[in-house]
Amino acid sequence: MGTFKAAFINEVEKIYRKKKVVVAAILSLLAIVMGQLLVTGVNKGFGLITASSTQFPILVLSLLVNTILPLFTALVAIDVFSGEFSHNTMKITLTRPVSRVKLYTAKISAIAFFVLANLLMVMLLSLAVGFIFNSVSLSVFGILRIVLSYIVTLIPVMSFALIIVFLSNVLKSGTTVFFLSIILFIAFNALSLVFPRYANIFITSMFDWYILWNVDTIPLGKLIREFFIMAGYVIMFYTAGYYMFDKKDL
Amino acid sequence: MKKKKNLTMLLSFCIGAALFMSTAFADVVSKTGYDQLKDAIKKTVASVSEEYDSFTMEMALSIKDNDKVLVANSEIARYDMANSRMENITTSELAGSEKESFYSYRDNWCSMYYNSNDADTYYVNEYESEDKDAVTLNNFFEDEDAEYIEKIFDALIGNLKEYVIVGENPEGSKEFSGRLSDGQIPALVNAVTAYAAKQSVFDRTVGYNEFDMPSLKNDVFVKEISGRANVNADGIIENLFGEFILAGSEKDGTKHELKVELVFKVYNINSTAVVKPDLTGKKVEKSIVHTTPYGYVSEKYLGKWKNDIIIEENDRFVKIGERVIEITGINDDYVYGTYTEIYKEEYAHYGSDSKKYSLKVDMYDNKGELEVTDDLGNVIVGYMYLDMGRIECYIPSENPAEDGIVFNSSDDIIYNSSFYKVFEE
């Protein structure tokens, strides 16, 4: 466990030394500001309340989860694997006294950590902005709902990230993986629009599964089904990705 | 060791794949509460419009402002499709005015109308010939565009579908319910709905103030949307209840909550009877409805029709004569007549080249096509419509603006194509 912890901290450090993380933070912040400006503009202009203070973070989440978050998750995932292969720094990492499975898991945990940190940062900021600028409708239940929505979003985003991890272990070039991820993201979204019945097979349509957690009577059957579909994705691509990572000769 | 590792990996991958395949399949075949509700709505509409011999429908709508009733409308419609009869009783109550009720009856041969506030008079319309479509209900899901509208609607509401909860009873009936409170309504849906309400109701105060509708100007938002429905074992919606709460404040800051409630029921399926009301001893006002086009064209159109020939002179309209159409004959296919212009003596020079025409109108096949023949036997084509109490006649050669030059000099004759009946007094 000690070696895993060390490897995990090491990977997190590496991610947060990258400029990309700063860019991701700035863009997330920008999304909040733009969202708030839009809401304030519409409210003042038309005499409406488009988003109350507890609605605003959900509005931001719905924007974030379909744009900035998957994009930067893909970038980070590619960096963690393809980046190290191409810079030949993977060798250095592997010479440490840590087994490959632990290193692989540590890298994926680090990606998950990045996603969660990003989500939580946006949540706190949008909550704060929401309370300052929008009419207050404070309720413990409302805040609980927001926290839950942001946290459960980690699962679908990580399922998508594991596909990218697998791809970056198969293909050499990070750029190829990045473009492939983008194409995959667009294709999944398009397919779930064309075949709404099969939408849940395409992982991107589950990015907004936090809505299920928001319903007064939680649709348990649906929730469990979607969770299992994502779990299936995670197990398959985790294993396949590890198989490729394990076989790699450096 | 290596073999064991590979086996573990293979096993793990297979478990993942099995988990994915089985739940994905279950997810694809499972019908959400929303889909089931949609099916029930379609089944209900199809059944009442095509299948059932008779049924009773009830609808009610009320609008409350902070618990003060502004509008309460209810309607009971009884349909007897087998005998082509229907009746409808509507009661309407607006804040600050008296309760009103309307009764109407319809079958293939007549329709009746009765208003409680109108001196107990029954208005009866009798059809000239049988109208076989008098009592029908349209299945709007069979319209060409319905499928696309449904698809767009589905896409728009997206994951809100999950808010429809369905409970199944052992005997096969189902209960649907759903509730969206303000934190759960997506900002876009909220904004669009609130804005639409504001535009269509509050910003158009004229006509609404008769029942004290508050004019919400600021902070308008959708506070809650909820609904309930019961579906019987046959998949028919027996009752449906919907509620919509819109909140906002007036210019002076007074806060309002407008609650719109909607109830819909279907009952007495195949056991509803509609009886034609007996009007003996009642005050009745009867009129005949012509069901064929131009069915009203009869000999009452025979005789002289005219309008004035007018010019503009020294900033005044001056009558210089008359255009006269005389309808001389009407048969099943054609209307015959003549057209002349009569000028006053002092303006006779205007009429120096005026012509006499004989007219023949094709009433049905070509819908008002007019054959105009002048003294020399030249034929031109115009149009003539026999409207109720009025004739519209257009003869191209008589219209000075015909070749695109409109009133190029002040003493041009002003064209007029409407003719009025000349009555002998």
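Using N, Cα and C of the backbone, Cβ positions are placed for all residues, glycine too.
Note: TrEMBL annotation is automatic and uncurated.
The transmembrane segment annotation in TrEMBL covers A:21-39 (among others). Here the transmembrane segment (A:21-39) has long-range neighbours at 15, 50-51, 56, 59-60, 63-64, 67-68, 72, 75-76, 114, 118, 121-122, 125-126, 129, 133-134, meaning same-chain residues at least 6 beyond its ends whose C-beta is under 8 angstroms from one of its own.
The transmembrane segment annotation in TrEMBL covers A:59-81 (among others).
Using a Cβ-Cβ cut-off under 8 Å and counting only residues 6 or more beyond its ends in the same chain, the transmembrane segment (A:110-133) has close neighbours at 8, 11-12, 14-16, 21, 24-25, 28-29, 31-33, 35-36, 39-40, 51-57, 60-61, 64, 69, 72-73, 76-77, 80, 143, 146-147, 150-151, 153-154, 157-158, 161, 165. The transmembrane segment annotation in TrEMBL covers A:110-133 (among others).
Annotated transmembrane segment per TrEMBL: A:139-167 (among others), in sequence order.
The feature transmembrane segment is assigned by TrEMBL to A:174-192 (among others).
Annotated transmembrane segment per TrEMBL: A:227-245 (among others), in sequence order.
Counting same-chain residues at least six beyond the ends of the transmembrane segment (A:139-167), those with a Cβ under 8 angstroms from any Cβ of the stretch are 54, 57-58, 61, 65, 69-70, 73-74, 77-78, 80-81, 107-108, 111-112, 115-116, 119-120, 122-123, 127, 177, 180-181, 184-185, 203-204, 206-207, 209-210, 213-214, 227, 230, 233-234, 237-238, 240-241, 244. Non-local neighbours of the transmembrane segment (A:59-81) in the same chain are 11, 14-15, 18, 20-21, 23-24, 27-28, 31-32, 35, 39, 51, 107, 110-111, 114-115, 118-119, 122-123, 126, 149-150, 153, 157, 160-161, 164-165, 168-169, 174, 177-178, 181-182, 185, 204, 207-208, 210, 245; each lies 6+ residues outside the stretch with a CB under 8 Å from one of its CB atoms.
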